[in-house]
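Noted in Swiss-Prot for the protein shown:
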- Ser2: N-acetylserine (MOD_RES)
- Lys5: N6-acetyllysine (MOD_RES)
- Lys9: N6-acetyllysine (MOD_RES)
- Gln106: N5-methylglutamine (MOD_RES)
- Ser128: phosphoserine (MOD_RES)
- Lys120: site 'Not ubiquitinated' (SITE)
Amino acid sequence: MSGGKSGGKAAVAKSAQSRSAKAGLAFPVGRVHRLLRKGNYAQRVGAGAPVYLAAVLEYLAAEILELAGNAARDNKKTRIIPRHLQLAIRNDEELNKLLGHVTIAQGGVVPNINAHLLPKQSGKGKPSQEL
């Protein structure tokens with residue numbers, strides 16, 4: 001028998017698989033790891049930290065893009081523009097809290113009119129008291 005655990009046959013070489021593919025992510029785990037090491041955030045970076053961070057970033061991006069796509073569809077547009085990102089973030093309570101101090105270029109403002117500035121309702125809608 002030849003040396004090895006496969007029982008005589010030569011071991012079939014597996015193709016290399018990225019850490020992103022192993023974790024089932026679209027965001028690059030290797031790049032996040034490199035940025036964590038080069039950013040001087042800590043002397044050492046564990047193996048699980050870049051995977052977790054890439055997963056969180058991917059989730060946030062997917063959440064924002066889904067809401068922005070809904071805002072674009074509401075405005076009868078097929079392309080997401082910064083205005084749609086602004087509306088998506090500001091209309092979502094948790095994202096607005098997370099990105100409260102972020103300025104989005106060309107985002108505009110969320111439409112809002114104070115109730116005191118609206119014209120008062122006239123008596124047309126009230127039921128008549130005729131007998």
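The backbone N, Cα and C atoms fix where each Cβ goes, glycine too.
As the structure is a computational prediction, the values presented were derived from the model and not from experiment.
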Study note, to complete from the structure: The rounded CA-CA distance in Å from Lys120 (site 'Not ubiquitinated') to Gln106 (N5-methylglutamine) is 34
Study note, to complete from the structure: In all the protein chains shown, the tally of other Cβ atoms within 10 Å of the Cβ of the residue listed as 'N5-methylglutamine' is 9
Point to revise | Packing count at Lys120 (site 'Not ubiquitinated') (other Cβ atoms within 10 Å of its Cβ) | key: 5
